[in-house]
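Residues annotated as transmembrane segment in TrEMBL: 6-29, 41-64, 76-97, 124-148, 154-175, 219-241, 247-265, 415-439.
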Amino acid sequence: LYPLLISSVGIIACLITTLFATDFFEIKAVDEIEPALKKQLIISTVVMTVGIALVSWLGLPYSFTIFNFGAQKTVYNWQLFLCVAVGLWAGLIIGFVTEYYTSNAYSPVQDVADSCRTGAATNVIFGLALGYKSVIIPIFAIAFSIFLSFSLAAMYGVAVAALGMLSTIATGLAIDAYGPISDNAGGIAEMAGMSHRIRERTDALDAAGNTTAAIGKGFAIGSAALVSLALFGAFVSRAAISTVDVLTPKVFIGLIVGAMLPYWFSAMTMKSVGSAALKMVEEVRRQFNSIPGLMEGTTKPDYATCVKISTDASIKEMIPPGALVMLSPLIVGIFFGVETLSGLLAGALVSGVQIAISASNTGGAWDNAKKYIEAGASEHARTLGPKGSDCHKAAVIGDTIGDPLKDTSGPSLNILIKLMAVESLVFAPFFATHGGILFKWF
């Protein structure tokens, strides 16, 4: 019941947190939007820490034993509290680092915007560098939480650390969903021909929303790493593997192929976005050329065809990446056995986390660099703008490249690493008994 109690207390903690944004501290200025959303994360984490302490004190005996790969380990209730708390606070650190690298209030995004002065190429270079750099601190936070939680309570400690990171998910999801809502509100305001003042406000909300969406993705990726590690431990235990030795050829080939899978998966998802976008552009050009009065604004375009292109692409284009995720563990488990599959899962986990964080943050930074130039809120931003300038055009190119990174390939990598681990765990006994067909001949 302990994990269920943590999740339940998390919902109550997040309900209390919402009152601070809606009732206690009313937002009256544009520059208060992002700090208010950031406070939501801090308040929910502090309230949740108190909640975890109460649940651990009231819901657990002082000491108990858990299995640690066959051996019994004595664990105290305060140790389990630390496991959950370290996951919770590691999530907050990941959120803050993500905010620093994707918010246009800080120097990394401003540097990306500044790089647009010399064209789109330098913008892309700066954006990619920012994404790679943004991986460093989150990985250290995840590594520390894994080390501490595993030392205190073995794989169960890692599992509850992942639960701790997700315990404030209600607040995380609320500020994550806030971004697309603000973005679409801005689109409606623009299409409805509303005043420039309203568009400025929706842009400010959208810029804050880009950052909060990136924070939500940071939480999701961090928790996916911990969840996948816990599932990996369960798989190793269920498949009756005593040790996973990287120096054996069976494991190493799995490791190197597993590390490649997130790249293959990302290539598929990004190409899908590109081909769908190409069809959309071709359709829009066809309508401009063939529908009389469309350029002048006297007739309405054929929206239905454009919507159909998007919906068809979203379903059909996801079949190959989905098949890759589902078939990889089955093929490796049946033909190469559980040792190679354990290497595959470890490789996909290690590689996938890095790519997912860098892709999400690069995309978020490019988007907010464009918003920074468009808003022209500071003296520096005004020297780069206005809309339509060469600098702004370079920023738009970066944003166009960043959209599939932050909205498609980055977030979907969480599914890759978690689903592969779950599927391997389900089929572990079958793979252990009947798997490794090819290696039986050697």
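Glycine too: its Cβ is placed from the backbone N, Cα and C atoms.
Most Cβ pairs under 8 A with the transmembrane segment (415-439) among the ranges 6-29, 76-97, 124-148, 219-241, 247-265 are made by 219-241. Taking every recorded stretch in 41-64, 76-97, 247-265 and counting its Cβ pairs under 8 Å to the transmembrane segment (6-29), the highest total belongs to 41-64.
Long-range contacts of the transmembrane segment (247-265) within the same chain: residues 321, 324-325, 328, 332, 336-337, 339-352, 355-356, 409, 412-413, 416-417, 420, 439, each at least 6 residues beyond the stretch ends and with a Cβ under 8 Å from a Cβ of the stretch.
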